[in-house]
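What TrEMBL says about this one:
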type	residues	note
TRANSMEM	20-39	transmembrane segment
TRANSMEM	51-68	transmembrane segment
TRANSMEM	109-128	transmembrane segment
TRANSMEM	134-156	transmembrane segment
TRANSMEM	228-246	transmembrane segment
TRANSMEM	266-287	transmembrane segment
TRANSMEM	299-321	transmembrane segment
TRANSMEM	341-366	transmembrane segment
TRANSMEM	378-399	transmembrane segment
TRANSMEM	405-426	transmembrane segment
Amino acid sequence: MPLSPLAWWADVHVGRYKAICVGVLICGIAHLIQIFGALPSVLQKGTAHSAPPFIISLLTLALGAGIFKPNIAPTILDQHRNKKAYNKVLKSGEKVIVDPELTSSRTMLIFYGVVNVGAFYMLATTYAEKFVGYWLAFLLAGIIYFLLPVVLALAYKRTHKQPPSGSSDLNNAVKIISMALRRNKFRVWRKNFFDAARPSVLAAEGIQVEWTDKLVDDVRRTLVATEVFFYFPIYNINDGGIGSVASNQGASMTTNGAPNDLLNNFNALTIIVATPVLSYILYPLLLRYNIKFERISRITFGFVLAMISGVIGAIVQWRVYKTSPCGYYASSCDAGVSPLLIWWQLPNVILGALSELFCNVTAYELAYARAPPSMRGLVMAIFLFTTALSSALGEVLIPVTQDPYLIWIWGAPAVALAVQTILFWFRFRSLNHDKFMIEEKDYVDTTLTTKSERAGKEL
């Protein structure tokens, strides 16, 4: 849903803040429908009565999330008005340099941690569903959700609302790509591929275009970021496994009364605990000792963590098979479960959660910093779309996501991610030193110089 024209609609026509409010309203309606459909009186009437409200609420929730999610992170980053480093004097009298990249990184890290505070609430809904019913689980989620409009209202006056651009750079972006393809004779591997579409280059040949040099660079940077994003589907299927494979594994283990999907909540708990550690201890410590841990290095490290978590999942699955009364058919075993405790899933969950803080958080930064201002919601939507691709891949693999193949369902994605990580590092490591964000005024001097040179030649 995030890849639909809704992100473009928010960027161009209504503004990201209003789009967020619309998304919140739609999701609120979805929550109400969901609670109604899970009432015992509705469930007792059978699937014919309970299924339609659930399906409608699910589709409505997807629509609302498709509007909300691509716009919330850019709106938060919009609150930082200074896009270049500047000097600041602290109350203590100390002079410091405020770096926009470090500021954005910490902001997105805290944002991701706060998101998972809400996700950790799933622990309560897991037990509510197990011991009371779905209606209470949905009601608890709804109660927390309906605090969101209150928060938006309280923060309304203090929030900087980026106005809609009125027009999108998407049309010009397509023209720039087409121009570069034609003038390079479709040799996309050329080092300076996009230089052929620069107005400053075209003007020397008497060709006038309606875009700027900055937009050409924005398009180039956006396409590179998009290429980075499409390395994420394989990463995502390593983060927690394919489909319900983790829950199936948990169901084959000794739980001692705990729900078999309980450990999924430790993903959020790990992120909540690790966020302040990274933000206020690890990253400042690295800076103090001048150790560079740049954006591509962070994503690569996250990929490695996810790969290790997949390997651990495969090892645990192998041990489940070896200790189950039914051997390699543990998931459908009526004779009992493996004596292996469900807590052996924790390393897999924790490493997957930590990987998100390096991969997803950095991807949010890239989506914002490398996109034209009028396309930031759209580019964020493209990143979120990679999650949908991962889910689609999981659906394709459902026929083989069963005993006795579950070791490979864990191990094969880990092997694929290991290979991909090597390719990713060598393909994108140069982006570690690329400029974080560019602005139109960076090009003013260049434009004036070009015009002066052209005027001199005419004289």
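Placement of Cβ uses the backbone N, Cα and C atoms for every residue, glycine included.
Across the candidate stretches 51-68, 299-321, 378-399, the maximum count of CB pairs under 8 A to the transmembrane segment (228-246) is reached by 378-399. Highlighted: of the candidate stretches 299-321, 341-366, 405-426, 341-366 has the greatest count of Cβ pairs under 8 Å to the transmembrane segment (109-128).
Looking at which of 134-156, 341-366, 378-399, 405-426 has the most CB pairs under 8 Å to the transmembrane segment (299-321), the answer is the stretch 341-366. Taking Cβ pairs closer than 8 Å, the transmembrane segment (378-399) reaches residues 1-4, 6-8, 11, 66, 69-71, 73-74, 168, 170, 222, 225-226, 229-230, 232-234, 236-237, 242-243, 363-364, 367-368, 370-371, 409 in its own chain, all 6 or more past its ends. Same-chain residues lying 6+ beyond the ends of the transmembrane segment (134-156) with a Cβ under 8 Å from its Cβ atoms: 20-21, 24, 27-28, 31-32, 34-35, 38-40, 43, 118, 121, 124-126, 128.
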